[in-house]
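One structure below.
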């Protein structure tokens, strides 16, 4: 049903999210183009390229269908289409959670072990971390999607959401879902908090190491290097936690829709801005590309 409760806003919402989607695609493509520059061969920029691909994919799974629904009377989605969309969103989201942990580990190695950084964080290790993130995301997605679609759906078929996601789907089940909800909460806690704990440990070591730097300029440069990643982590984990750790909570569906919008459309748009505006190297290469 999307945002059909506000029919007077459908055209305005269409143009707003069309613009957001365009900014997401263009911004992430620019980040990808910038980070393939020969002067940016550090592992951090390799992970940033992968992050851009994930953001483009997440937005492309959700937004085009949402845009069509703004202008169409027929907002239906097939059973297989819904399952595919759910699998894709969970896979991309979980993969990004693990990738952010890999990026935190990269920052830890760069700041706390600078002399061994190039040896430890070689291309083989970086590719392995990305593949491990993808494999972990795939396992999580397969299990969660299988759980959701093993439930009997014999009641209403109206999904009060703008894409197929766990919270609105389990509300359509005509059986007791309390056990399933506990399984979701347990799985989500493991999926979210495992990489989040790794990030916290990495940044605890980074902060401890940074405080030992004698010059204020050195400390500022180190903290500014990590600030972009911390901003993304805060936005991503906060919205994901509020959505999936309370799958059938008393919160209104409008509240969940706003959180899901942040998670699937706003954050992929903000990532290029956060990383380009807070990173002098990225800004420098971006200005050169635009000037050419």
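The backbone N, Cα and C atoms fix where each Cβ goes, and this holds for glycine too.
Note that this is a predicted model, so its numbers are computed, not measured.
Listed in TrEMBL:
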- 27-275: domain 'G-protein coupled receptors family 1 profile' (DOMAIN)
- 12-34: transmembrane segment (TRANSMEM)
- 46-66: transmembrane segment (TRANSMEM)
- 86-105: transmembrane segment (TRANSMEM)
- 125-149: transmembrane segment (TRANSMEM)
- 184-206: transmembrane segment (TRANSMEM)
- 227-246: transmembrane segment (TRANSMEM)
- 258-277: transmembrane segment (TRANSMEM)
Close approaches to the transmembrane segment (258-277) from elsewhere in its chain (Cβ under 8 angstroms; 6 or more beyond its ends): 17, 20-21, 23-24, 27-28, 30-31, 34, 48, 51-52, 55-56, 58-59, 61-63, 89, 93, 161-163, 165, 228, 231-232, 235-236, 239-240, 242-243, 283, 286
For the transmembrane segment (227-246), sequence-distant contacts whose Cβ falls under 8 Å of one of its Cβ atoms, 6 or more beyond its ends: 93, 96-97, 100, 103-104, 107, 165-167, 184-185, 188-189, 192, 196, 199, 203, 256, 259-260, 262-263, 267, 270-271, 274-275, 278-279
Stretch in 46-66, 86-105, 125-149 most in contact with the transmembrane segment (184-206), if contact is a CB pair under 8 A: 86-105
Folded-back contacts onto the transmembrane segment (86-105), same chain, C-beta under 8 angstroms, at least six residues removed: 44, 47-48, 50-51, 54-55, 57-58, 61-62, 129-130, 132-134, 136-138, 140-142, 144-145, 148-149, 163-166, 169, 191-192, 195-196, 198-199, 202-203, 229, 232-233, 236-237, 240, 263-264
